[in-house]
Structures are given as C-alpha cells and as structure tokens.
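Notes follow the structure.
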Amino acid sequence: MRVSQVYRWQIPMDAGVVLRERRLKTRDGLFIRLQEDEREGWGEISPLPGFSNETLEEAQTALLAWAQAWRDGAEPPLPTLPSVAFGISCAQAELYGELPQAADYRAAPLCSGDPDELFAKLAAMPGEKVAKVKVGLWEAVRDGMVVNLLLEAIPDLQLRLDANRAWTPLKAQQFAKYVNPAYRQRIAFLEEPCKTREDSRAFSRETGIAIAWDESLREADFRFVAEPGVRAVVIKPTLTGSVQKVQQQVAAAHALGLSAVISSSIESSLGLTQLARVAAWLTPQTIPGLDTLALMSAQLVRPWPESTLPMINIDALEPLL
C-alpha cells in the first residue's frame with residue numbers, strides 16, 4: 001500500500017537576507033513524504049524567490065497532482081519544474097535506498113569580511129581551509145580590499161567568491177585591482193563576475209582569477225566545455241532538477257576536469273542534510289557550499305549536526321495531502 005503526504009512550511013529568516021535586491025523575510029516550502037510497505041522517503045520542494053522560474057504555488061499544484069497519482073498506484077513522470085523534480089526524486093531515492101546515508105557536513109563558511117570571525121570558524125575545520133564571500137553587494141573596491149585582507153591574514157585560505165553577475169567589466173577590474181596578484185591563485189574561483197559569459201571570460205584572461213559557472217548552467221545555450229580560466233561549476237539541485245540530472249551535470253563537469261560544487265538554495269535543515277548526502281556521493285573530493293542554515297530561525301524535521309537552532313517537528317507543519 002502506498003501513502004503520500006504533502007506538507008507546507010514557513011520559517012522566519014535572518015533580517016539581513018537580501019536576494020536580488022529583495023529582502024527575504026521568510027523561507028517557504030513544501031515536503032513530500034512517500035511510504036510504501038515498511039519504507040519511507042522525504043523530499044523538499046522550496047523554489048527560491050528571484051532564482052527559481054517557478055513560484056511556490058505552481059510547485060504546490062504540480063506536487064499535489066504527482067503525489068495523488070503516485071498514491072493511487074501510477075508511476076507518473078517527474079514534473080518539469082526543477083524544485084519539484086528534485087524534491088520528488090530525493091523522496092524516491094530515499095524510499096528505494098538509492099540515496100546513500102553517508103553525508104558531507106563540511107561547509108565552506110560564509111564570511112562577512114571579518115578575519116577574526118573567520119579565524120574562529122576555520123580553526124575547527126579539518127583539512128583544507130575554504131570559505132565563501134559574497135561580492136557585488138557593495139562597492140567593487142571594498143570587495144577587493146576585503147578579499148585581499150582575508151587572503152593576507154590567513155595564508156592557507158582558499159576563497160570562493162560569488163558575484164551573481166553583479167559587475168560590469170569596469171567594476172570587475174576595480175575589484176581585481178585591489179587583490180594582490182600574488183594572492184589571486186588562492187581564489188579557488190569567482191562565480192559569474194559579469195553579466196555575460198563573454199565578459200566573465202575576458203575578466204579571467206586579464207586578471208588570472210579563475211571563474212566558475214552557476215547561473216549559466218540553467219540557460220538553454222549552455223554547454224559543458226573545458227576552457228581557459230574556467231575551474232568549476234556550481235550546481236544548485238533545487239534550481240537544476242532531478243537527482244538524475246544533477247548526476248549528469250556532475251559527470252559532465254568531471255569528464256572535463258572541472259570541479260563540481262553541490263550548493264544550497266537556502267533549503268531547510270531537511271533539504272540541507274539531503275544535499276550533504278548528494279555531495280558525499282557525487283562530489284566526495286569537494287567541500288559543498290551548504291553554509292546557509294544560520295540564515296534561518298529554526299530547523300525542520302531533521303537536524304543538521306551541531307546546529308543549536310530549535311527543531312520544528314512534523315506535527316507543526318501544515319498538511320495539504
């Protein structure tokens with residue numbers, strides 16, 4: 001016998017979370033829970049405002065239709081909406097024992113630019129020291145100075161930077177001007193510095209700073225190609241699609257010698273623990289980008305190791321099915 005349940009949830013966010021110039025006050029999403037015989041599997045569906053093409057309402061409609069059909073014995077195809085496809089495929093992978101339990105809970109800590117704060121976070125990190133800095137939110141010159149300061153203060157630090165296509169070529173050059181050329185090799189990569197791929201490629205050629213593709217992966221004309229200056233691809237499964245599609249993208253990147261980084265779209269603790277399992281399975285040599293739980297006020301259903309945030313259990317969720 002099959003049972004499918006759908007829950008809706010909402011968590012207040014940290015007051016400082018701004019995405020694409022809009023403040024994110026709450027994180028809203030859905031869970032699907034599949035049960036068959038003695039097995040069960042969970043999945044999270046949480047489109048990210050400003051980044052996902054689908055709205056939560058569209059995702060909910062598609063999810064409920066799929067869940068009802070599956071419960072009634074059908075084998076419906078996955079919906080085309082990426083967040084829904086990923087969440088359902090995670091639930092199926094858990095249900096059928098296809099998502100390994102081993103998880104990579106290492107996280108490249110998000111850094112605000114205070115070296116002392118970062119020192120404390122990195123001191124507890126085993127192995128390589130990797131942190132992430134969001135750039136492009138302030139003046140490019142300030143970003144360059146902050147990055148330079150961190151690289152200077154922590155000699156074994158590797159930084160991942162994310163600009164979300166915020167810069168014109170001129171602003172990107174202003175940033176690079178303030179980063180000592182001797183430190184630039186310790187920028188693991190800079191995600192999408194400019195508004196176009198061509199400008200980002202030119203930036204890498206001119207500065208020697210490696211870049212990574214993120215938003216580009218979701219554009220119709222994107223192809224996986226090895227090219228000078230491109231070091232990595234950042235894969236956000238909630239924005240990508242099914243677990244199978246994530247597998248395909250990781251394999252395509254690795255075949256070209258590129259790093260693939262599994263990265264958060266600000267999922268709940270349940271979704272983050274599943275991303276940690278996907279990362280341990282598909283990208284075991286690469287620290288994932290999952291340091292987003294602290295942006296929320298609570299955990300949901302499953303805990304993230306060592307998080308002190310309060311836990312909200314199933315009983316507090318809104319059942320839709």
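Glycine too: its Cβ is placed from the backbone N, Cα and C atoms.
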Of the candidates Glu152, Glu191, Glu198, Glu227, the one that Swiss-Prot places in the Mg(2+) site of Asp162, Asp214: Glu191
Winner by Cβ contact number (other Cβ atoms within 10 Å) across the binding-site residues Glu191, Asp214: Glu191
Integer Å distance between the CA atoms belonging to Lys134 (active site, proton donor) and Asp162 (Mg(2+) binding site): 5
Residues satisfying Cβ distance under 8 Å from Lys236 (active site, proton acceptor), sequence separation of at least 6: Phe51, Asp214, Ser263, Ser264, Ser265
Among Lys134, Asp162, the most crowded of the recorded positions [Cβ within 10 Å]: Asp162
Near-site residues: Mg(2+), ref Asp162, Glu191, Asp214, CB cutoff 8 A to centroid: Arg160, Leu161, Ala163, Asn164, Leu190, Glu192, Ala212, Glu215, Val234
Pairwise Cα distance for Glu191 (Mg(2+) binding site)/Lys134 (active site, proton donor) [Å, integer]: 10
